[in-house]
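Chemist: So that we are looking at the same thing, I have put the structure below in structure tokens.
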Amino acid sequence: MDVGVFIPIGNNGWLISENAPQYMPTFELNKAIVQKAEGYGFDFALSMIKLRGFGGKTEFWEHNLESFTLMAGLAAVTSKIQLFATAATLTLPPAIVARMASTIDSISGGRFGVNLVTGWQKPEYSQMGLWPGDEFFGTRYQYLGEYAQVLRDLWATGRSDFKGEHFQMEDCRVSPKPQADMKIICAGSSDAGMAFSAQYADYNFCFGKGVNTPTAFAPAAERLQAACAKTGRHVTSCVLFMVIADETDEAARAKWEHYKAGADEEAIAWLGEQGAADKGADSNIRQMADPTSAVNINMGTLVGSYANVARMLDEIATVPGMQGVMLTFDDFLEGVEAFGQKIQPLMQSRRHVTALKESA
């Protein structure tokens, strides 16, 4: 099973809590995280894009780096780990993204890919006059399909004459082409999102569900496989989980309860308000805004001893259609270190990594 890290490009990572570590995003922090992850054999690192945060006492996600420029910098200071940047497709024409991606492909030696997002938080785009209207909620995957086709054309052939409803290319050119096959990621979970991933993506990200229920996301992976049966393409799932681990279950649970007790209710309320704006929202967005465990945006959470977290991660690997897991941590530097030293060596699904380290 592949393992990746969802790096903290926004302040405070993924915990909306006054009791969680409070920090600003910097290149140096993310460099330290990704270099440490690479040293422990992580397969990939991905950064999101966020253009406006949730406010509240913690000013959650009000402070963010930009994804492509961050990953370009990280490409220059890493050598093995795969890197993915996120394109907010309402802000960047596909031909520009194709050229930026080709540039980072050159910097990284073929270790780069792109995560495509349509945009669900209206204020991110309306603040700069780029929101196309609320009808976009219903047409965004048609838009994204055209966007992805232009990217595929340019990366494969260096030119595009695509003519669609949203994009019209006229002998559009990008050179040099990427040296490696450029992977596309999406995180759709609605029927339209799954259909898009089955047609255009290489991997589809989904949210884990619940606390210490590692395989509860399996229906999402099953739905993706059903969508792929219609397109004849092989697309696999990667699932997002937060790891809160310690020497004992009790110590890990105490940290989790402490974070929940300090939840930034004002920021969480903003998240719920924005998530409700799209009446036909992807279940990812509805899940993020659910008040049940909104302190970490309702991503799946693994709370326990290092041994029990390793066991639960191995359970994830048994789900059909799984490619890998993408992890966040309450404290990223400590979390990646603990994963590499105390969790990964106990995982059967990572024996190929630990065996290499043992023989080195």
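Glycine is no exception: its Cβ is also placed from the backbone N, Cα and C atoms.
Bear in mind that the values here come from a model prediction, so they are computed numbers and not experimental data.
Swiss-Prot lists these features:
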type: BINDING; residues: I49, K50, N115, E124, R140, Y141, S190; note: FMN binding site
Chemist: Count the other Cβ atoms sitting within 10 Å of the Cβ of S190 (FMN binding site), across every protein chain shown.
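Modeler: Excluding its own Cβ, the number within 10 Å is 19.
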Chemist: Write out the long-range same-chain contacts of N115 (FMN binding site), meaning residues 6 or more apart in sequence whose Cβ is under 8 Å from its Cβ.
Modeler: L46, M48, F84, A85, T86, A87, I184, I185, C186, A187, F205
Chemist: Among residues I49, K50, N115, E124, R140, Y141, S190 annotated as binding FMN, what is the maximum Cα-Cα distance? Answer in Å.
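Modeler: Spelled out: the longest distance between any two Cα atoms in I49, K50, N115, E124, R140, Y141, S190 is 22 Å.
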Chemist: Can you check what DSSP calls N115 (FMN binding site), collapsed to helix, strand or coil?
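Modeler: DSSP call for N115 (FMN binding site): strand.
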Chemist: Within 10 Å of the Cβ of E124 (FMN binding site), how many other Cβ atoms are there?
Modeler: 20
